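Q: As annotated by Swiss-Prot, [4Fe-4S] cluster binding site applies to C472, C538, C541. Per Swiss-Prot, compositional bias 'Polar residues' is recorded for 412-422. Marked as region 'Disordered' by Swiss-Prot: 401-449.
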Amino acid sequence: MAESINSFDSKSTLQVGEKSYDYFALDAVPGMEKLPYSLKVLGENLLRNEDGKNITREHIEAIANWDPSAEPNFEIQFTPARVIMQDFTGVACIVDLATIRDAVVALGGDADDVNPLNPAEMVIDHSVIIEAFGDSDALEKNVEIEYQRNDERYKFLRWGTGAFENFRVVPPGTGIVHQVNIEYLARSVFDNNGLAYPDTCVGTDSHTTMENGLGILGWGVGGIEAEAAMLGQPISMLIPRVVGFKLTGEIPTGVTATDVVLTITDMLRQHGVVGKFVEFYGKGVGELPLANRATIGNMSPEFGSTAAMFPIDEETVKYLELTGRDQETLERVEAYAKAQGMWLDPEKEVEYSEYLELDLSTVVPSIAGPKRPQDRIELNDSKAQFRKDLHNYVEADASAVTPDFDAEGPATENTSAQTAGTPASAADAKGNIPSAAAGAEGRPSNPVTVNYNGEDIELDHGMVAIASITSCTNTSNPSVMVGAGLLARNAAAKGLKSAPWVKTSMAPGSQVVNGYYEKAGLWKDLEAMGFYLVGYGCTTCIGNSGPLPEEISAGINEGDLAATAVLSGNRNFEGRINPDVKMNYLASPILVIAYAIAGTMDFDFETQPLGQDQDGNDVFLKDIWPSTEDIEEVIASSITKDLYAEDYANVFEGDERWRSLDVPSGKTFDWDPKSTYIRKAPYFDGMSKEPEAVNDVKGARVLALLGDSVTTDHISPASTIKPGTPAAQYLDANGVERKDYNSLGARRGNHEVMVRGTFANIRLQNQLLDGVSGGYTRDFTQEGGPQSFIYDAAMNYQKENTPLVVLGGKEYGTGSSRDWAAKGTLLLGVKAVIAESFERIHRSNLIGMGVVPLQFPEGESWKSLGIEGTETFDIEGIEELNNGSTPKTVKVTATKENGEKIEFDAVTRIDTPGEADYYRNGGILQFVLRNMMSGK
């Protein structure tokens with residue numbers, strides 16, 4: 001760490017017990033004391049890294065004099081203390097760093113000059129896929145398959161730990177990066193050779209914001225931005241607006257942390273917080289356990305905010321103590337936070353840019369779906385809302401709507417509590433077989449009978465095909481995890497079980513969960529419901545749900561059924577969870593089990609029983625719902641500091657499989673030209689020491705014409721590779737058998753696979769084509785512009801030197817911090833993306849890869865302008881960047897085949913001078929490499 005020039009003379013000494021620390025005192029700068037917590041962290045960051053060049057006295061004064069009402073317009077340079085990665089994005093990062101070493105050597109430099117300057121830590125959590133489930137061997141089977149599939153990748157990462165300084169890897173089978181981060185990796189307040197400063201951390205996963213619950217400022221960035229941060233490049237940003245979110249009251253009985261976070265997500269999405277910090281304050285904050293704060297922080301990308309901060313307080317220190325941090329750390333965190341005015345004072349209200357308020361006592365049980373996290377549904381309305389939404393997923397003539405009718409004849413023994421004509425449960429027998437079509441009156445229904453596990457069962461629209469307790473969002477939270485275990489216990493005691501067509505799974509975010517489940521004796525109850533341990537990793541939440549049983553999959557496809565998934569995750573975008581599933585719902589772990597028992601989303605927990613007990617009595621959800629007292633009692637008796645200490649004692653060592661990997665050595669990597677997993681990246685091929693001039697775009701064609709809320713999943717899916725697609729064709733040509741395709745996410749170290757998988761999501765709707773889903777476009781290099789794979793068309797355009805553009809709607813690039821969504825866009829030959837609005841990370845990633853993001857004029861869209869996608873595009877004004885200034889707008893001309901022109905001024909979304917530098921250099925990594933070679 002370079003020495004600060006300390007122009008405010010702010011360096012001071014903090015005495016904590018017998019130990020003293022240097023620190024940069026905020027009170028040396030007038031105005032810092034009145035700032036929100038998150039801006040105080042930024043202020044300290046600038047004080048400590050002031051170098052008189054990138055960070056000057058003017059930058060520090062700009063933070064201190066922050067105007068809450070102003071729109072962001074002042075650029076600062078944020079220097080994170082560390083970087084975390086997951087393996088899907090992380091492998092690509094290490095491939096890029098290894099490639100940069102090669103480029104440095106080729107330009108006459110030393111490979112040793114390329115190293116992370118601050119801690120860079122990776123947790124391998126994205127590679128485990130749920131192949132096996134429903135039995136006690138599932139974990140071992142899935143781990144074994146994971147190692148077989150990922151041998152090359154894991155050897156490469158082991159090489160990286162030996163080749164690079166400051167780089168460590170948490171091996172597979174340990175947990176999920178964000179949960180491991182808050183439970184172990186997070187420092188809260190650093191002690192760097194006697195210098196104390198706040199832990200700040202960016203990560204190559206958008207849910208890095210989980211650490212915000214611990215008072216750590218950070219957020220998800222693209223892999224390319226993370227690589228630059230590792231190499232010492234500060235992150236360019238505008239001083240943001242800060243939304244104050246006041247919490248009052250207490251969470252009522254029967255309401256979970258998941259319900260709270262879905263409510264907050266709904267509120268903040270409606271309010272609009274893209275590009276802003278959200279900061280929680282008020283007396284209600286003190287009532288929230290740290291795990292609940294982490295759950296809320298985790299969902300920041302779903303709100304759209306950059307960060308969702310909770311200041312440090314007693315609850316923070318209690319959590320650090322529970323998770324095994326030493327006494328010196330606890331004392332340092334508390335003393336530092338109090339000395340810097342960063343300790344939460346519930347009575348004090350600072351000035352924010354905007355305000356929202358939630359009385360926690362008003363929160364009700366909720367789920368979200370069927371395709372966005374912000375689509376919150378109150379549980380009482382879930383059946384009615386499902387029936388409304390179902391019509392969007394079922395062809396009008398593909399399924400008959402079963403008419404409503406009153407049952408005739410006398411009531412049978414177990415129908416007393418039911419609506420007339422409605423079975424006790426969707427999993428009840430219909431025609432003496434378990435049926436997901438039970439109670440289908442009034443909605444589309446298309447029953448399909450299959451034989452599974454020796455039993456005839458009936459599938460239908462709304463069937464819960466997947467019920468998965470997954471994701472760090474919820475598995476880090478003991479209240480909902482213990483609650484799920486107790487609900488399973490109560491259900492088992494009543495003789496209930498999951499519907500036979502449901503693929504059930506339990507994938508905790510750390511081994512600590514296994515520890516307290518064992519201690520509380522809850523595993524046998526969870527397993528009775530089918531929820532066996534399948535792995536420690538992201539699994540279903542990122543689309544690694546694994547295949548459905550063949551019979552179930554065949555039945556769903558035969559009937560073109562709108563099957564559903566219920567998961568305790570953070571994202572439910574279309575096409576993300578499983579290719580056989582059309583509708584995805586987020587729910588608490590407790591409700592995941594409840595829906596597994598119900599077997600269908602077409603279910604009203606208030607009026608419909610889940611089944612009958614041994615005496616034939618109806619059992620409703622309320623009858624098995626665990627009490628708050630029971631949950632707290634299990635937590636108090638089962639979760640101890642020793643559990644965390646034991647599970648994290650040897651966190652970097654791994655199992656015998658990891659330790660026995662045959663690891664290559666050397667400062668530079670010996671690339672295998674036959675590898676289909678790890679290939680040298682092409683971004684520096686032919687790169688000169690000086691950047692070339694940027695050019696206007698002339699004669700471009702539209703590669704994709706897209707609507708609103710196109711996610712980075714749509715652009716660069718992480719899902720399994722579909723046979724027959726360009727990515728599969730490449731693997732076939734390289735001798736890879738279909739069973740070994742693995743997922744696109746697992747192959748992010750190979751650009752040849754990834755460029756072929758760009759815009760290849762099976763749910764992508766390219767509106768250049770009518771009624772076609774998937775990675776297709778029209779290829780205007782051929783007569784009549786026939787339908788073609790997007791990759792094939794892009795390669796034809798490249799042969800003719802025709803540049804490409806992509807047109808989008810609102811919230812383009814929402815979702816994961818997936819740098820391959822930008823890398824793949826570049827490698828396809830796209831020069832510009834024009835959309836109505838961009839999500840923060842993807843906009844930044846596009847610039848970081850040398851693709852210009854442009855925005856339609858306010859209130860306009862490609863549709864309103866009359867653009868059809870068959871036009872050729874010219875973009876004038878980009879060349880102004882060569883003169884050192886960024887044009888506010890550029891002129892776009894779309895010329896139709898008949899010569900008619902559509903002209904408009906698009907807003908240039910290169911928002912800071914730093915981003916302009918990246919774009920002029922062809923990308924952020926080229927900028928960093930050129931600076932490295934010139935000694936800057």
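From the backbone N, Cα and C atoms, a Cβ is placed for every residue, glycine too.
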Q: Once the DSSP letters are reduced so that anything not helix or strand counts as coil, what is C538 ([4Fe-4S] cluster binding site)?
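A: DSSP assigns C538 ([4Fe-4S] cluster binding site) to coil.
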Q: Name them in sequence order: residues not among C472, C538, C541 whose Cβ is within 8 Å of the mean position of the Cβ atoms defining the [4Fe-4S] cluster site.
A: D125, I176, H178, H207, T470, S471, T473, T475, A507, G509, G537, T539, I542, G569, N570
Q: Do any residues at least six apart in sequence from C541 ([4Fe-4S] cluster binding site), in the same chain, have a Cβ closer than 8 Å to its Cβ, and if so which, in order?
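A: Once residues fewer than 6 apart are set aside, C541 ([4Fe-4S] cluster binding site) is near S468, T470, S471, T473, L567, G569, N570, R571.
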Q: Which residues, sitting 6 or more apart from C538 ([4Fe-4S] cluster binding site) on the same chain, put a CB under 8 Å from its CB?
A: Q86, D125, H126, V128, I176, T470, S471, C472, A507, N544
Q: Provide the number of Cβ atoms within 10 Å of the Cβ of C472 ([4Fe-4S] cluster binding site), excluding the reference atom itself.
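A: C472 ([4Fe-4S] cluster binding site): 31 neighbouring Cβ atoms within 10 Å.
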